[in-house]
Amino acid sequence: ASEFEALCKASLPKGSSTISYKKNHGQQQGPISKAEILFRSYWRRAWIIGLWLTICFALFTWKFIQYSHRAAFQVMGYCLSTAKGAAETLKFNMALILLPVCRNTITWLRNNPGLNSVIPFNDNINFHKVIAGGIVIGIILHGGTHLACDFPRISGSDRSVFRQTIAANFGYQQPSYFQILSTTEVASGIAMVVLMMIAFPLATKWPRRQSPSLPKSVRKVTGYNTFWYSHHLFVPVYALLIVHSMFLFLTDNLVEKTTWMYIAIPVLLYAGERITRAIRSGFSEVEILKVSLYPGKVLSLKLQKPKGFRHKSGMHPFSLTCGPEDDYLSVHIKTLGDWSCQLYSLFEEAILTGLKQYPKIYIDGPYGASSQDHIKYDIVIMVGLGIGITPFVSILKDIATRLKKTSINHAACGEGSLEKIPLKAYLYWVTREQSSFNWFTDVMKEIADTSQKQAVVEVFNFLTSVYQEGDARSALITIIQSLYQAKYGIDIVSRTPVRVFYCGPMTLARELEKLCTKFSTKTNTIFVFHKENY
């Protein structure tokens, strides 16, 4: 972080507009306050979360008051109002949770500058998780209140009060607690909760990534594949939700059975997305042009570019490491989980046997990501940790291609390209293993050649597996580096013209976000922090 801090202090010209939304920030008079920086950074998230909470609170209050005036209130009291209020928020959230994962729709919407300026599409997965948290709270309130309060009160209420209020809803026979549990509406509700109790924990970070902190016996049954298939339990969950909503104790009025009204459009939209993706990927089998296996179990695939396939640098789901103008597609995939491990093994086996009968590759995507916002800024600082460099490789190739176009146009016509190009781009690549530098050797050489001519791109590599530069124990490496680079023009560690420095471990994202806020308040430059969410 110290190198980044030094760059923020010294390398950037005063008054320039660094990764900023407005073009006229270069005329800003003096630093701005921390409150304003925080407002600029979080106002889009804040109004979305505020709107969501307001809707949830309004729905809860509406149903709470409504059932406080029903005859059943005399039997169950505020337990009923609480359960029904929570149920209404559950209907809303069960509909809303599908929208952030409609990836084609999100990618299309983010291309609209007006919407993209007020809606934080980069946080779609985070918002999906927030809604999931709201669903958990709703289930606890709705299901817990029914099981612990409402049902015991129904089965244990005074018979005369029961007959005068809700007896007609139970066929004029007061049920026992277990008879209530065996009804369609309760059984379907319990089944939904059981399925969610399976899917929700497996979707959290530690099981999904098979964290070493988990017990070995648990790691065997977790991983990305487990997350993927368990997440598809949402199909029976939504089917049970419809059943649950159509069999209600306290009303036969179809107008009040509104669950289908909430979920119809989101379910149809999501289903349409999945069908579109299945059809698109089914027709997009591509030829594998080259397969490379790199140290650190990194698989590189160079693929034929399908006709009509267009993408922007930085797009997902696996970050493309080719530029938009390249006539091929390339990805670099590190084996970090069960799915990527199996994929690596399939290609490794094909190469070792010499048969080269590679698995069939189908393409789905591309999808929008925060990295593609780089084109909006005058100065871009990119920090990648390990394989996290992949979206930035595509960005640097894109910048290099645009620079070449500018040079050609200038030489041919005496005019530069009208395309938007950052005035300066810095890449900081932090990696633990020296072998990681082999992943993008050719790309780094190409970028280094371009940057020498144009002085637009600067790349800094940091190796964390040795002692920090300046430490006596790393002095010999530093001397050899300097001599080798002076004689051959390349770094002996990275095998590219990019010099490697040494640094210790750091909590990257949080540290960088703090530095962006710090230097936005102390300099004339505004730093806007973006983070990829995988």
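Cβ coordinates are placed from backbone N, Cα and C, and glycine is handled just like the others.
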Given 253-270, 379-396, which one carries TrEMBL's transmembrane segment label?
379-396
For the domain 'FAD-binding FR-type' (235-373), how many residues does DSSP put in helix, in strand and in coil?
59 helix, 28 strand, 52 coil
To what whole number does the mean pLDDT across the domain 'FAD-binding FR-type' (235-373) round?
83
